[in-house]
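**Q** Structure provided below as structure tokens; questions to follow.
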Amino acid sequence: MKDFWHRFRANKGGIIGLALLAAIVAVALLAPLLFPGNPWKMVARPFVPPFEGMKFPLGTDTVGRNVAAGLAYGGRVSLLVGLVSTLAALLIGIPVGALAGYFGGRIDDLLMRVTEFFQTVPSFALAIVIVAIFQPSVVSITLAIGIVSWPPVARLVRGEVMSLRQREYIEAAILQGLSTPAIILRQILPNAVSPIIVMASLMVASAILLESSLSFLGLGDPNLMSWGYMIGAARTVIRQAWWLSLFPGVAIVLTVLALNLIGESLNDALNPRLSRRRS
Amino acid sequence: MRGTTFMKIATRIAARLAKAAVVLLAILVLNFLLIHAAPGDPAVVMAGEAGATDDVFLAQLREKFGLDQPLYMQLGKYVWDVLHLDLGFSYRQQMPVFDLLMDRLPATLLLTGSAFAVSLILGVAAGVLAASRVGKWSDTLISTVALLFYATPLFWAALMGVLLFSVVLGWLPPFGYETVGSGFTGIRRALDIAQHLALPALSLGLFFMAVYSRMTRASMLEVAQLDFVKTARAKGLSRAVIERRHILRNALLPIVTLAGLQAGQLVGGAVLTETVFAWPGIGRLMFEALTQRDYNVLLGVFFVSAAMVIVFNLITDLIYGIVDPRIRAQ
Amino acid sequence: MKRILAAVVASFLAVAPSLADPVAGGRANVVIQPEPPSLMLGLVQNAPAQQVAGNIYEGLLRYDTKLNPMPSLAKSWEVSDDGLTYTFHLQSGVTWHDGQPFSADDVVFSADVFLRKTHPRFRAVLDHVESITAPDAGTVVFRLKSPFGPFLNSFEVGSMPIVPKHIYEGTDFATNPANNTPIGTGPFKFAEWVKGSYIKLVKNPDYWDQGKPYLDEVYWHVIPDAASRAVAYETGQVDILPAGSIENFDIDRVKALPNTCITQSGWEFFGPQSWVWLNNRQGPTASKEFRQAILYALDREFIRDSLFNGLGQIPNGPFAGSTRYNDTDLKPWPYDPEKAKALVKASGYKGEVLKLVPMPYGETWMRLAEVIKQNLADVGIKVEIVSTDVAGWNQHLSDWDYDLSTTYLYQYGDPALGVSRSYVSGNIKKGSPWNNVEGYSNPKVDALFDTGAGTVDPAERKAAYDAVQKILVDEVPNAWLLDMGMPTISRCSVKDLVTTGIGLNDGFKNAWIQK
């Protein structure tokens, strides 16, 4: 652990990313304390420009809602969607990859066909259709993002499991008569966890991007303030009120940046030999 | 020797095509079911567009488009038709889906193709540059910019691009495929289209440009550590030759894989880009078809874009075979 | 106040025919949004189809901004004293775009055969008609079963487009290949349609109204993104922005551009009114007190000023201000959250979450839903927004699966054409988002609407409609939001574009460009 931290720290980017993310998470968590009430409340006249006083440091939007409050509450939604949809993708991708990699042969063939199927359908288009069908809500959005982003996880896990499967200690475990689930869960997966963590941190980032893209097309959850929604709503007034699309855009860029920096440092720290996978 | 190699490649292609056909059929069926699960009766939507409606009108519409048949009948008919290369008739556009797609496909191919080329060329070039100056300020600059592009939402980049280059600076047209009614022909027209293409292709390519440059850089640095490069260095080959012949060629392998995957992403990204830039391609067609419940068009777009991805993957495969001698020998 | 005054002056300027002599030539570039499904106006009558094809086809009449009939294909007309016989005398020397002569047979065919099969709104008018005959090639006679007050308001090009008999007789109308190259009698001919890009119309040199049209060609540009449409105007690619082309937030900026004129005229015939559907059948909205509370809770002035750019009027009830027989003595309900809270309490509301299905017609309508939600939250009503696309929204309304939903509907200038359909119990039918969706049912209201429609005597009609408005305003079957202002923005050098109550829908007949 100490060793890990030492290596992580060696990468300046990782530290910057961690600090950034910590700040963003803190603001998101403290939103109800910083901005009591709800972010939809119309608190002032519309289109108050930013930096014109302490009351609304980032200005107000088209109907007079506090942009700063929106950003704080929006962070909760963006982070939550990013996190949960990544978990969903892992929950699908890891079993599929593990089974395919462990058993090989026909099962591998079948599961890889399914994976291929999901990689052949344009993922963003599929996400749009799923959200439209189940009606835009935080659940359908999370689900859609999870469904379109698991294939890379499956491929990664399959590759790891395949190579681990050949190791001597696994052969030994099989000879000892350990059950297959036990081998997969206790012997193989723990050893494949590093690349999965790295990939997951990057997936949270792309999930946040995906959520904002859906919101931009009007497919966000209408009851929740999220950054993607804020840009989608601000896009029509981009020339009267540049700040409405700028600030949430910057928030997304910073968050995604932080997650990427962390992901890279994790990669350097956890599996230097795999740094090639970094993209 | 040459003949057997060719045969091997041909067999591989045939096997892949067979698999692809199965995947394509599965896509067809699944999408059909998925799309029909969506709430919203196309007849009601069409009637709604007419601004008024009554039962007679709805029944007429349903019968006309076979919507009064049970679902499995509709599915069966659809698959049968597609096997005969008939993608059906668009409810809303009043024309065969195939013709509609063929109308729109060139614009999307031009857009995604340019975005692909731009991202690949600029991305790899930036990556090579960064790798050859690792640790210097130019490397830091390229890496930082790439990191920023990587974290920027596509639509946001597009909007900011329009704001800067069209509204503030007035250098580029803000949207559209060409200047309508200009009567341009030949070179003049090509230039006109190229001007309209610049912003959409750049903003669509931005993300992957970042991906390629980061990947090239990482890949080159890794390959540079490998034994055969060290040997080449020991042999006294010049730096440029080593970089080009030994490092870059090997570093390109993962990039080729990624490029194949990018194809699918591009079609999806085209939905956003084509919406912002009013680009008359299939991405926009897809989004419109979805909101109008124009099922046949939606299915057609999925079909064509999936087919495109498969073709791209096939090409990737072939290129892979050329770049990496080990695969060819297998 | 200043803004209203300015708008009034602007609209006056735009409607008054210009004093200069028109010059021929030039091209108009217009935004069309969304792209129409077809230009065969007999088959498709949605707003964009009417806007383009209204210049290809013609109706028997046009209507001025006070909704008085004007000649179009009919040069004059008479109504018998009993209100049962309408005789139209047609223009002479009219030809179809393919050169064939136009005659009364075409009118009879259009009304009696073609539109009877394809046009739901006209079919409702035909219910009152007993026979349609052509005593000679220049005359058409409509005989009614019983007097129908607004009958003379049913002859504009979107309500009753005249289609060519020689092309459609005996064919399957919907699949006739000629639908792709529409043939009308209007001032412009169809030339080219590049789907997803533009529609091109060219001047009809043989137009019956000598000397018109003035323009050589009209291009309708398809630009799917509202911001791009505004940019298109700024960069000079289009010269005319029909109402709804750009987001309301953009209007102030665009209208301040040089050489830019704005008018709210040209929509009097349609008189769009926006309201919140309240599901009268079930849940808290079944209670009259609760519905009244909603009307008090909505800050309609804020909604108009911040979402609709100050355009439009707060309605005093179900009749839009431009609709005939609007009872001007009625005053709009005030914004009064305290009263609303009291009424919510009185209604026995227990905190149920209401489902609000917003009309998905763009950003303004999404913001509207958010403001409604917040307005209602302020008086203790819980609302959840269910967002859907157009298809889903239609479905929710058609299946009565909602508590609150936003919409706007045209009133066609007359309560019998555009108002009664949303309140009479005979119109409670699943499957349509345009009828009595809220499920309001009151025999007294039904009877009064019948009386108002079944006579041509203005005084009788007024009495019936005054009574109806009193009842409806008290019962609040729907929460009326706004008589919408519909601004048409164009370069000031484009003259005589909006001269009638139908506005752009047949506006290019008179339009010309000042050099």
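Backbone N, Cα and C atoms are what each Cβ position is placed from, and that goes for glycine too.
As listed in TrEMBL for this protein:
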TRANSMEM  A:15-35  transmembrane segment
DOMAIN    A:75-263  domain 'ABC transmembrane type-1'
TRANSMEM  A:79-104  transmembrane segment
TRANSMEM  A:124-148  transmembrane segment
TRANSMEM  A:195-220  transmembrane segment
TRANSMEM  A:241-262  transmembrane segment
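Burial and contacts for the listed features, if you can.
**A** Same-chain residues lying 6 or more positions outside the transmembrane segment (A:15-35) and placing a CB less than 8 Å from one of its CB atoms are 9, 66, 68-69, 71-73, 75-76, 79, 251, 254-255, 257-262, 265.
Within its own chain, the transmembrane segment (A:79-104) is flanked in space by residues 24-25, 28, 111-112, 114-115, 138, 141-143, 145-147, 149-162, 165, 180, 183-184, 188-189, 196, 200, 203-205, 207-208, 210-211, 226, 255, 259, which lie at least six positions past its ends and keep a Cβ under 8 Å from the stretch.
Long-range contacts of the transmembrane segment (A:241-262) within the same chain, counting only residues at least 6 positions beyond its ends with a Cβ under 8 Å from a Cβ of the stretch, are 13-14, 16-18, 20-21, 24, 47, 49-50, 58-59, 61-62, 67, 70-71, 74-75, 78-79, 82, 201-202, 204-206, 208-209, 212, 227-228, 230-231, 233-235.
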**Q** I need to check the long-range neighbours of the transmembrane segment (A:124-148): which residues 6 or more away from its ends have a CB within less than 8 Å of a CB in the stretch?
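**A** Cβ under 8 Å, 6 or more out: 77, 80-81, 84-89, 91-92, 118, 207, 210-211, 213-214, 217-224.
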**Q** Sequence-remote contacts (6 or more beyond its ends) of the transmembrane segment (A:195-220), Cβ cut-off under 8 Å?
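**A** Distal contacts: 78-79, 81-83, 85-86, 89-90, 94, 124, 127-128, 131-132, 136, 141, 144-145, 148-149, 152-153, 156-157, 160, 226-229, 231-232, 235, 252, 255-256, 259-260, 262-263, 266-267, 270-271, 274, 277-278.
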